[in-house]
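Asker: The structure that follows is given in the form of structure tokens.
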Amino acid sequence: MTGLKFTKMHGLGNNYIYVNLFEERLREEELADLAVRVSNVNTGIGSDGMILIGPSERADFRMRVFNNDGSEAKNCGNGLRMVAKYVYDRGLTDKDQFQIETLGGLVEAKIQTGSDGKVEEVTVDMGPPRLLKKDLPMLGDPESKTISETIDVDGVPYTITAVSMGNPHAVIFVDDITQVDVAAVGPAIEFHPLFPERVNVEFIQVVGRGEIIFRVWERGSGITQACGTGACAAAVAGILNARLDRKVLVHLLGGDLVIEWKEDGHVYMTGPAEYVCDGVYYG
Ligand SMILES: N[C@H](CCC[C@H](N)C(=O)O)C(=O)O
């Protein structure tokens, strides 16, 4: 009985099933359904989604990411750090800095090793945030930005700042993160008609000029322990609203990320990536 070889990894608890397309063959038409099946915690392996690592004509590697509802996303920050660790550790590259192609564009990952030569953390240049409504996408004037705009969500007003990191994010600032019903408000905004391709939803409590507490409802996956692109979007939103300085410590449920929106206009994300297991899937 042949199965599908996989590696399960996580970035601050945001976990994915990795399939190495240098070794495995998958049919395009099976990808969405496979992502749903492997993500299922009862009948599958259990994860926030599936990530494919493969060759690229434009970069060193290509990453594709599928949420656990089978939808394909254009970027995944935690996923990028895990891809970087995987290709470095498994000898798919002899470089410690390389480019990864995503549907949302090219990014550059840099491996940080400890004195033992093992990967300690990864810094990814996520490129510039995209702020125009046409880039999200979001309904309204396509050439306008969404900075602290109030929208109606089932009769309740929410003030959002919309940021794309290749994938769309609606960022909401709150006074007390513990009072937010993420499981209720998240999907109400994810499926809001203003977002024709849906949206990831981040709730942010500002602790100081360089520190936030972060919770997320991910498009296509629901509440996750962490969201790398969401942390980038949250930092950008805080800076756009003059509430944060350019370097931000982000406290996510699963741990911390350091995000910096540098003067070069690019957003840099630094954080860990961990293995869970290697295995064979027979679903
Ligand atoms: N749910 C996201 C993709 C995963 C992003 C997240 N896990 C990250 O680390 O950036 C979307 O549909 O755009």
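Cβ coordinates come from backbone N, Cα and C, glycine included.
Fair warning: this is a prediction, and the values are worked out from it, not measured in the lab.
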Asker: Select one of N40, N42, N200: the residue that TrEMBL places in the substrate site alongside N14, N67, G77, N78, N167, E218, R219, G228, T229.
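Answerer: Checking N40, N42, N200 against TrEMBL: the substrate site match is N200.
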Asker: If one measures from the C-alpha of N14 (substrate binding site) to the C-alpha of C227 (active site, proton acceptor), what distance in angstrom results, rounded to a whole number?
Answerer: 7
Asker: Do you see any of the recorded positions C76, G77, N167, E218 whose C-alpha is within 10 Å of C227 (active site, proton acceptor), and which ones?
Answerer: C76, G77, E218
Asker: Within 10 angstroms of the C-beta of C76 (active site), what count of other C-beta atoms is obtained when all protein chains are considered?
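Answerer: Summing over all protein chains shown, C76 (active site) has 30 other Cβ atoms within 10 Å.
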Asker: What number of additional C-beta atoms lies within 10 angstroms of the C-beta atom of E218 (substrate binding site)?
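Answerer: There are 28 of them.
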Asker: Using C-alpha atoms only, work out the spacing between C76 (active site) and N167 (substrate binding site) and round it to an integer in Å.
Answerer: 8
